[in-house]
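Q: Please read through the structure below; I'll follow up with questions.
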Amino acid sequence: MTANVLFPLFANLHDRAVLVVGGGKVAERKTEALLKVGALPIIGAPSLTASLQRWAETGRITWRQGTFENSWLQEDIWLVIAATDQPEVNHAAARAAHAQRLFVNVVDDIALSNVQVPAVVERGPLRIAISSGGGAPMVARYLRQQLESLIDDSWGRLTTLFAQRRDTIRARYPNIEARRRFFETQLAGPLQRLLRKQRHAEAEAVLEAALAKTPPTESGSVTLVGAGAGDAGLLTLNALRALNEADIILYDRLVSDTVLQMARRDAEQIEVGKSATGHSVRQEDIHTLMLQHARAGQRVVRLKGGDPFVFGRGGEELEFLRTHGIPYEVIPGITAALACAAYAGIPLTHRDHAQSLCLITAHCQSSLDTLNWAALAQERQTLAFYMGVAGLPTIQQRLCEAGRTETTPFALIENGARAQQRVLTGTLKTLAHTAQTYAVRPPALLILGEVTALAEHLHWFGTTPLSAPCPPRTHPIS
């Protein structure tokens, strides 16, 4: 059974009653966590651990001695935690809480719980919660341990430093975008390093000096970012930084949802993708959007699949931005030929097979008509055709006519570097027939050359490459 997706939420339980059903070690841990946030725990159990007993005697908690009763919920309870080793008692407490529409957490029971208590990293007022939805708590605990080693106490002190000056910062930067950029600048500066060295006075002086400066005039900019091809893990660190600083993200159709989820949550995302068969946004309209938002002082990310300068019209966009005086930068990405080849186990160059690589766009018939097919037919080179699914029959015909041998191996990679990747292999003679037989659909990349034969024993990702089917007795190229 798949657990429901949980909505992440932090609760203010200060001076609010929480019923903990159970008096053992698990209940003790839950109660201790509640006391840390100022809650008013009410413990319902026949007996208590030594620590719970001591807290009850000193008035830190209230003890309802006995087995769970519905009447315990007559008090002003905000949350119920069932933490006994008796399933029937936990069930009774959960049913009663559900009947009164109370949030209830039953320890180690996803089905009975409507809230889960996450693993937490605490650094002063800074709290980072990690949850597996109750399905795999050990994963959450493991990740918490990893974060514990990465996030030291200075981050808690930095959080406190900002919190103490919250009103001053808001008054100095009333515009939310300007305020966000101020925080980003300070977070990238020396504050945290000074606090790590226990140099609190210097950190305070640095922040005060920053607040005393006249807020800079905001100017917009555009960053062309390559999202890589397929696997979101191929996104570069610079690309991730740009996504987290963006106000507006203009993204192409092939950019994955996983990559978009890495962006700053409140950044506006606008799809401007192009499709040969579906809705497309004109390049002129993309130019207008970049100009409009940059002139409004916003940081625009033009997010493209693969690399912006490899069949991505990035050059045209930079020329437009330069003409209109808009600041820009370019963050390269891993282009489809590199990503697809790597994930298919195909070295694009190889001392024994290929000394050069040619990247070719096969987007439309006019693109194919301009190619030097005689040069492409030369041996000992690897050809990578982008956007060429519809043009495969033409590619096969023109290469054969130009003298490329029909036995030249190829690999057709559909959804490269993605979980659903499919690799089809064969020879130039069977190229169009193979694509038709396996109903290949975009996005797909054609790699042609002797190196593609290596995919058969070098592949490592996804399913085994599929061999070309037997061609029909007659298969004129059309």
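Just so you know, glycine gets a Cβ as well, placed from its N, Cα and C.
Per Swiss-Prot, the features are:
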REGION    1-207  region 'Precorrin-2 dehydrogenase /sirohydrochlorin ferrochelatase'
BINDING   Lys25, Val26, Pro46, Ser47  NAD(+) binding site
MOD_RES   Ser132  phosphoserine
REGION    220-478  region 'Uroporphyrinogen-III C-methyltransferase'
ACT_SITE  Asp252  active site, proton acceptor
ACT_SITE  Lys274  active site, proton donor
BINDING   Gly305, Gly306, Asp307, Val310, Thr335, Ala336, Met387, Gly416  S-adenosyl-L-methionine binding site
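Walk me through the surroundings of each of these features.
A: Note: Pro46 (NAD(+) binding site) has non-local neighbours Gly23, Gln65, Gly66, Thr67, i.e. same-chain residues 6+ apart with C-beta under 8 A of its own C-beta.
For Ser132 (phosphoserine), other Cβ atoms within 10 Å of its Cβ number 18.
Neighbour list (Asp252 (active site, proton acceptor), Cβ cut-off 8 Å, at least 6 residues apart, same chain): Ala227, Glu271, Val272, Gly273, Lys274, Leu303, Lys304, Gly305, Gly312.
DSSP classifies Lys274 (active site, proton donor) as coil under the three-state reduction. All protein chains included, Lys274 (active site, proton donor) registers 16 other Cβ atoms within 10 Å of its own Cβ.
Within 10 Å of the Cβ of Gly416 (S-adenosyl-L-methionine binding site) there are 28 other Cβ atoms, across all protein chains.
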Q: Quick one: give me the count of other CB atoms within 10 A of the CB of Val26 (NAD(+) binding site).
A: 18
Q: Which of the recorded positions Lys25, Val26, Ser47, Ser132 has its Cα closest in space to the Cα of Ala336 (S-adenosyl-L-methionine binding site)?
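A: Result for Ala336 (S-adenosyl-L-methionine binding site): the nearest of the recorded positions is Ser132.
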Q: Where among the binding-site residues Ser47, Thr335 do you find the Cβ with the fewest other Cβ atoms within 10 Å?
A: Ser47
Q: DSSP secondary structure for Asp252 (active site, proton acceptor), reduced to helix/strand/coil, please.
A: coil
Q: Calculate the distance in Å between the alpha carbons (Cα) of Val26 (NAD(+) binding site) and Asp307 (S-adenosyl-L-methionine binding site), and round it to a whole number.
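A: Here the two Cα atoms lie 52 Å apart.
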Q: Gly306 (S-adenosyl-L-methionine binding site) to Lys25 (NAD(+) binding site): how many Å between their Cα atoms?
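A: Here the two Cα atoms are 53 Å apart.
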